[in-house]
Amino acid sequence: MSEISLIMLAAGNSTRFNTKVKKQFLRLGNDPLWLYATKNLSSFYPFKKIVVTSSNISYMKKFTKNYEFIEGGDTRAESLKKALELIDSEFVMVSDVARVLVSKNLFDRLIENLDKADCITPALKVADTTLFDNEALQREKIKLIQTPQISKTKLLKKALDQNLEFTDDSTAIAAMGGKIWFVEGEENARKLTFKEDLKKLDLPTPSFEIFTGNGFDVHEFGENRPLLLAGVQIHPTMGLKAHSDGDVLAHSLTDAILGAAGLGDIGELYPDTDMKFKNANSMELLKQAYDKVREVGFELINIDICVMAQSPKLKDFKQAMQSNIAHTLDLDEFRINVKATTTEKLGFIGRKEGMAVLSSVNLKYFDWTRL
């Protein structure tokens, strides 16, 4: 049995997919797409090593300890080159995680022809008339190249050392004078590029699990600046001490959303030792945090917030706070509830030394079946 390692490319920005969620984090059942695709291929062969390129290593590591992860580059070629640094097997198989449903039959065709060339690649024939600059091309000479592809590791490394931009391994090796061997591709190995492609693939739908997160934050009064809650000015001078603008509600809500998604906490994302967050707009930071949560495949169901303050009174501001949260997070206002309470003059809140906020949120997986 030949010694083969597997590289799965999962660091792309999903620009052409044109949704808030990156396609590699679409949920198939409970698995993100990148994991589903990697599990599928890894079940076909005892790979020496499995390497996944990533733009979010710490989060992806939460799903499995069976693979190695490496930060991707700005391009496919850069990501692959970095991953190859971890590979020392004679052969390497490379695939895009966006090719989710590669079959065992296609995989076997690649393995069976391993000794035929320097790179073995699947390809589809073109059935339709094909034009280039309004001129018909000879479709018999056209191939639609797919992945996974198997290459001789040393030759692929050498090809990528040219620092040219190749869109797949076979063209990189061909540019070095290497021999390419084509096997029959398959429709199921088509790349998921546009959201419309989801309708062409028979994929498991997202599970209906709900993920709950809580956030709690406290700040002391003392700054001669506006008191902001959810970006709404409550008082012109009763500001809270903080590195940012002191919006304790936004901080609490940010923590709740990050926690529900398993993405850490506000201090990790926006450390108070970083001067770029000095006096930062906390509602903008909240939006950025939720964008990160959506990128990895979640969306909000509802928000419930309890503001604890002896003073000032907040009754007249609750509606404005709910509206501003809804606008910031692109969420229906009926899914947001803001409550206010005192501590009956007990503790630091009762002594009007500061205020606290407790936020609870529920998330679900992004439902890509609605696209």
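Using the three backbone atoms N, Cα and C, a Cβ is placed for every residue, glycine included.
Features of the protein shown, as given by Swiss-Prot:
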BINDING   Asp217, His219, His251  divalent metal cation binding site
BINDING   217-219, 243-244, 265-267, 270-274, 341-344, Phe348, Arg351  4-CDP-2-C-methyl-D-erythritol 2-phosphate binding site
REGION    1-210  region '2-C-methyl-D-erythritol 4-phosphate cytidylyltransferase'
REGION    211-371  region '2-C-methyl-D-erythritol 2,4-cyclodiphosphate synthase'
SITE      Arg16  site 'Transition state stabilizer'
SITE      Lys23  site 'Transition state stabilizer'
SITE      Arg139  site 'Positions MEP for the nucleophilic attack'
SITE      Lys191  site 'Positions MEP for the nucleophilic attack'
SITE      His243  site 'Transition state stabilizer'
SITE      Thr342  site 'Transition state stabilizer'
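Overlay of Swiss-Prot annotations on the structure.
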{"residue": "Lys23", "record": "site 'Transition state stabilizer'", "contacts (Cβ under 8 Å, 6+ apart)": "Gly12, Ser14, Phe17, Leu33, Ala98, Leu192"}
{"residue": "Arg139", "record": "site 'Positions MEP for the nucleophilic attack'", "contacts (Cβ under 8 Å, 6+ apart)": "Lys125, Val126, Ala127, Asp128, Thr129, Thr130"}
{"residue": "Asp217", "record": "divalent metal cation binding site", "contacts (Cβ under 8 Å, 6+ apart)": "Val248, His251, Ser252, Asp255, Ala356, Val357"}
{"residue": "His219", "record": "divalent metal cation binding site", "contacts (Cβ under 8 Å, 6+ apart)": "Leu240, Lys241, Ala242, Gly246, Val248, His251, Gly354, Met355, Ala356"}
{"residue": "His243", "record": "4-CDP-2-C-methyl-D-erythritol 2-phosphate binding site", "contacts (Cβ under 8 Å, 6+ apart)": "Asp272, Phe277, Lys278, Ala280"}
{"residue": "Ile266", "record": "4-CDP-2-C-methyl-D-erythritol 2-phosphate binding site", "contacts (Cβ under 8 Å, 6+ apart)": "Gly215, His251, Thr254, Asp255, Leu258, Leu285, Ala289"}
{"residue": "Thr342", "record": "site 'Transition state stabilizer'", "contacts (Cβ under 8 Å, 6+ apart)": "Met308, Ala309, Gln310, Ile349, Gly350"}
{"residue": "Thr343", "record": "4-CDP-2-C-methyl-D-erythritol 2-phosphate binding site", "contacts (Cβ under 8 Å, 6+ apart)": "Met308, Gln310, Ile349, Gly350"}
{"residue": "Arg351", "record": "4-CDP-2-C-methyl-D-erythritol 2-phosphate binding site", "contacts (Cβ under 8 Å, 6+ apart)": "Gln310, Lys345"}
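Around Asp274 (4-CDP-2-C-methyl-D-erythritol 2-phosphate binding site), there are no C-beta neighbours below 8 angstroms that are at least 6 residues distant in the chain. Same-chain residues at least 6 positions away in sequence with a Cβ under 8 Å from that of Pro271 (4-CDP-2-C-methyl-D-erythritol 2-phosphate binding site) are, in sequence order, Phe277. In the shown protein chains, 11 other C-beta atoms lie within 10 A of the C-beta of Arg16 (site 'Transition state stabilizer'). Annotation for Lys191 (site 'Positions MEP for the nucleophilic attack'): spatial neighbours Asp96, Ala98, Arg99, Gln146, Thr147, Asp197, criterion Cβ-Cβ under 8 Å with sequence separation of six or more. What surrounds the divalent metal cation site, by Cβ distance within 8 Å of the Cβ centroid and not counting Asp217, His219, His251, is the set Val218, Leu240, Ala242, Gly246, Asp247, Val248, Leu249, Ala250, Ser252, Ala356, Val357 from the same chain.
Taking all protein chains in view, 28 other C-beta atoms sit within 10 angstroms of the C-beta of His251 (divalent metal cation binding site).
Here the region '2-C-methyl-D-erythritol 4-phosphate cytidylyltransferase' (1-210) returns a mean pLDDT of 96 for the predicted model.
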